[in-house]
Amino acid sequence: MARALAAAPTRRVAAPVSGRHAGSLPTPRARRRYAIVLSILIVLAVAFAFGLLAWDNPMPVGSDGFWRIAQLRATAVTTIAIVAFCQAIATVSFQTATNNRIITPSIMGFESLYVAVQTSAVYFLGAAGIVAVQGFGQFALQVAIMVGLALALYGWLLSGRYANLQIMLLIGIVIGGGLGAVSTFMQRLLTPSEFDVLTARLFGSVANADPDYFPLAIPLCVAAGGLLWLRAHRLNVLALGRDAAMGVGLNHRRETMTVLFLVSILMAVSTALVGPLTFFGFLVATLAYQFADTFDHRHIFPIAVLTGFVVLAGAYFVMRNVFYAQGVVSIIIELVGGTLFLIVILRKGRL
C-alpha cells in the first residue's frame, strides 16, 4: 500500500493568478481600465471648466479684468457642478433602490410640481408673478414642498402593511400626470406675453440659477450625497434585490425609504435650481454603468458625477462658443437622452 502511494504520480495545484483578488475590480486590467476612464473624465472636466471660465475672455490672462469676468462665469460652472452631482447620484441611487435601470427619479413628479408652481405664479399673479416668486425664499419653499411630498408618499406607501414599491411608482406617475394636466389647463388661459415669460422658466437652463441659492443648495447636496456615499456598501446589497438583501440581514424597507428620502433632496435641489431635466439623469447613469463596469457604488458615483459634468459643461461650451446657441443645450441633452431611453427600451423589450 505504501509502495502504491509512493509510486502514484503527484499533481501540482496551480498557483493563484498573480494580482487577482475578490472585489469590485478583481483584475489588474479592470483596475487599469477604471483608472484610465477616471483620468480621462477628470482631464475633460477640468478642460471644459477652464474653457467656460477663460475662453473668449477679452482681458489678458491674470489681469484684474480677467478674474472679474471669470468670477461672473464661475456661477455657471458651479451650477453645472451642482446639477451634475445631484442628478448623477440621485439617479444611480434611485435605480438601485427600485432595482430598475430604466426609470429615473423624475417619475416621482418633481418636475411636474416645479412646472405647477411656476405656472400658478403666472396664472394667479400675472407676468409680474414670475418675478415675485423668485429669490431665496422661493427656492427654499420649492425644495421643502418637493421633499415633503416625497416623505408623505414614501411614508404612506412603504410603511403600511401592504408596502409595495411598484404601487408607489405608479402613484408617483399619476400625481405627476395630474399636476401636468392642471398646469396645461392654466397655461391655455394665459395671454401670449405671459405664456412667453413662463416658457422661458420651464426649460431647464443654467441661466435660471441664482448664486443666492448656493448657500442652501450646496450644503444640502453635500449632506445628501455624502450620506449616500457612506451607504455605498448598503446600496451594493440593495442592488441584489429584496430577498437577497433581507437574507443577509439588511432592513430592506427602512433602507429603501432612507435612500429615496436622500434622492428626493438631491432632485428637489436640482429641479428648483435650474428647472426640469427629464432625461439627463438617465443619460448620465447609463453612461456611468458602461464606463465604470462594476457593481460597487464607490466606483460608480465618481464616474457618474464626472460624466454628468463633462456632458453638461461640454454641451454648454460647444453650443456657446461654436454654434452661439446656448439656450438650446437642454433641448439637445433631452433629445439625446430620450433617444437613448428608447434604444434601451427596445433592446430590453420591457420596463
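Keep in mind that glycine also has a Cβ here, set from the backbone N, Cα and C atoms.
Annotated transmembrane segment per TrEMBL: 34-54 (among others), in sequence order. If you look at the transmembrane segment (34-54), the same-chain residues 6 or more away from its ends with a CB under 8 A from one of its CBs are 25, 61, 66, 70, 73-74, 76-77, 80, 291-294, 299, 302-303, 306-307, 309-310, 313-314, 316-317, 320-321.
Long-range contacts of the transmembrane segment (74-92) within its own chain (CB-CB distance under 8 A, at least 6 residues past either end) are made by residues 49, 52-53, 104-105, 206-207, 209, 211, 214, 217-218, 221, 224-225, 228-229, 263, 266-267, 269-270, 273-274, 277, 280-282, 284-285, 288, 297, 300-301, 304-305, 307-309, 311-313, 316. Residues or ranges marked as transmembrane segment in TrEMBL: 74-92 (among others).
Residues or ranges marked as transmembrane segment in TrEMBL: 113-133 (among others).
Feature annotation from TrEMBL assigns transmembrane segment to 139-158 (among others).
Positions annotated as transmembrane segment by TrEMBL: 165-186 (among others).
Here TrEMBL flags 213-232 (among others) as transmembrane segment. Tertiary neighbourhood of the transmembrane segment (213-232): same-chain residues 78, 82, 85-86, 89, 93, 136, 139-140, 143, 255, 258-259, 262-263, 265-266, 269, 272-273, 296-298, 301, selected by CB-CB distance under 8 Å and a gap of 6+ residues from either end.
Residues or ranges marked as transmembrane segment by TrEMBL: 259-288 (among others). Long-range contacts of the transmembrane segment (259-288) within its own chain (CB-CB distance under 8 A, at least 6 residues past either end) are made by residues 79, 82-97, 101-102, 104-106, 108, 110-111, 114-115, 139, 142-143, 146-147, 150-151, 154, 158, 201-206, 208-209, 213, 217, 220-221, 223-225, 227-228, 231, 235, 238, 300, 303-304, 307-308, 311-312, 330, 333-334, 336-338, 340-341, 344.
Marked as transmembrane segment by TrEMBL: 300-318 (among others).
For 323-346 (among others), the entry in TrEMBL reads transmembrane segment.
The stretch with the most CB contacts under 8 Å to the transmembrane segment (165-186), chosen from 139-158, 300-318, 323-346, is 139-158.
Beyond the ends of the transmembrane segment (139-158), by six or more residues, the same chain brings 108-110, 113-114, 117, 164-165, 167-168, 171-172, 175, 210, 213, 216-217, 220, 253, 256-257, 260-261, 264-265, 267-269, 271-273 to within a C-beta distance below 8 angstroms of the stretch. Using a Cβ-Cβ cut-off under 8 Å and counting only residues 6 or more beyond its ends in the same chain, the transmembrane segment (323-346) has close neighbours at 102, 203-207, 275, 277-280, 282-283, 286, 311-312, 315-316.
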